[in-house]
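Trainee: Below you will find the structure I want to go over with you.
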Amino acid sequence: MSSPAASGALRGASLLILLQIASRAITFIANQLLLRFLTAQLLGISTQLEVYYLSVLFFARESLRVAIQRQGGTNKDKTSQARNTQAVVNLSYLSILPGVFVAGLLGWLYVTSLSDETTASAPHLIISLYIYAVASIVELLSEPAFMVMQTRLQFGARAAAESIATFSRCAVTLGSAVIASRGAFEAGVLPFALGQLSYGVTLLVVYAYYGLSLASVEGFSLLPKKLESPSTKEKKSKDESFVLSLFPRPTLNLARSMIAQSLVKHILTQGDTLLVSALASPTSQGVYALANNYGGLAARLVFQPVEESSRSYFSRLLASTSSDKESDKDSLRKEKKAAAEKASADLTILVKLYTTFSAVVVAIGPTAAPLLISLVAGPRWASSGAGAVLAVYALYIPLLALNGVSEAFVASVATEAEVHAQSLWMGAFSLAFAAAGFVFLRVLDWGARGLVVANAINMVCRIIWCAVFIKRYFGRLGVKFELSELRPSGVTVGAAVVTSQAVARLSGPDVSGLAVRGVLFALVKIASLGVVFIAVVAVGERQFLMQCIDKARGQRQRPTAKQ
């Protein structure tokens, strides 16, 4: 039961990480070229439009996505499997109408908040906003096919769709910016809008291709279709009923209960951009956006794919025990405990990998960050303060990682009542974040660095809440989950402290005036120390790393061995 799910999740995470690396590499190169056509102010405004776009998508589909993924494991019976897949398709269409409403509402709020100065300094801003709105609806139209691929662990389709769409967005954005520049046309943020529309259209076309191919083979439709009623036995085992013969009632109820949490979570996730929009100038927003884009690369390349795959994996692993055929209570209890023990062991390994990786980032990141900004973005951006902000962001990255995986687990197992409780706590954390942001930005005048610190305070609160929840969850099932097993070894911690001090001394106190050759030389010295540090970590954590390697090999080999 769990081995195919674990193997699929592992392959899926690996594929998504490779996808993210490839797509982010393309995006990174395109952004470096775009920086030569952008001012800090235009970059700040483009970030606001991106937040608008992501907000429309998040409010329209996030609670449905989580609820659909928690429907349980796939049924071996072909008819039941086709019905379950059709239910996923039907549910996914529920995101489109809210998306239209949210796009209109948020667009109106954004337009009314614009100052005359901002509108005058950003040509074609309003038409760009309209294009972003259309792009968000186009992407929502691909949601039915996307969710089918996601629930069926068809990660290859997602890799193809997102890779092609990312390339299309970069090509259109960069191409339109170059054409506008050569024609002496003030494009403003219009290239970003056109690129985003291209991304949505490409996603829709590729997902439709894969979805229609699978539908023709397995007997479901990518359009809404009434569902056949399950048998009496299935109704008893699943307690399943349908609304309008289209939507499973339990999934709808769960999605509804998660709406408030999704709202709060999105405000917290995008709260930094919202806060900096309210308290900082467009130029400062551009500086923060640049530092956030570079600093968030690790989160988008590695953490986000792992978070999504682990959420799917833990949902299937811990939900499957309640969807099997009727059996005696004792065997069901044993099966549930065995699944929980496996989940505890896997979560422990995953979090410890994160904390070990975090030691490397904390030791080297703050010193290397300003040098990298100077090298890849140029001295104009380095002198704007983006390097100092990125140095602080390096200390924030480990918190992003731990929060992502812990909240993914909570989303996999939390009941409706627990989801409501989490929403209330996250609301309290959002108030703490806003208060900290006001103090750091307005009172202490720390600028974008203060915003990163405020985010860190928010993340620490969320991580503590998740740790308490996870500890209690496993405790109720009589399964051990020791927080002390999550930290790296003393050798790793000691080596991180020594390396951070050595790296800081080697690079010197001020790197802002270094020429390109000096920057490269400093980075080479840091990389040399980094190699030594990683070797020490590999020795200090050798038993744990061997355990991870053996587990990964076992997950790949086990399905084959059973055949």
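Cβ coordinates are placed from backbone N, Cα and C, and glycine is handled just like the others.
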Trainee: Check each of the ranges 284-306, 353-375 against TrEMBL and return the one annotated as transmembrane segment.
Mentor: 353-375
Trainee: Applying the under-8 angstroms CB criterion, which one of 122-142, 353-375, 381-402, 423-444 scores highest with the transmembrane segment (88-110)?
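Mentor: Between the candidates 122-142, 353-375, 381-402, 423-444, the best contact partner of the transmembrane segment (88-110) is 122-142.
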Trainee: Hey, which of 197-217, 353-375, 423-444, 450-470 has the most Cβ-Cβ pairs under 8 Å against the transmembrane segment (514-539)?
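Mentor: Looking only at 197-217, 353-375, 423-444, 450-470, the most contacts with the transmembrane segment (514-539) come from 353-375.
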Trainee: Six or more residues out from either end of the transmembrane segment (450-470), which same-chain residues have a Cβ under 8 Å from its Cβ atoms?
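Mentor: Those are 268, 271-272, 275-276, 288, 347, 389, 392-393, 395-396, 399-400, 402-403, 406-407, 409-410, 414, 418, 422, 425-426, 429-430, 432-433, 436-437, 439-441, 444, 481, 483, in sequence order.
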Trainee: Go through the chain and flag residues at least 6 beyond the ends of the transmembrane segment (40-60) whose CB is under 8 A from any CB in it; none is fine as an answer.
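Mentor: Counting only partners 6 or more residues beyond its ends, the transmembrane segment (40-60) has Cβ contacts under 8 Å with 95-96, 98-99, 102-103, 106-107, 110, 118, 121-122, 125, 128-129, 132-133, 135-136, 139-140, 188-189, 192-193, 196, 262-263, 266, 269-270, 273-274, 277, 282-290, 381, 384.
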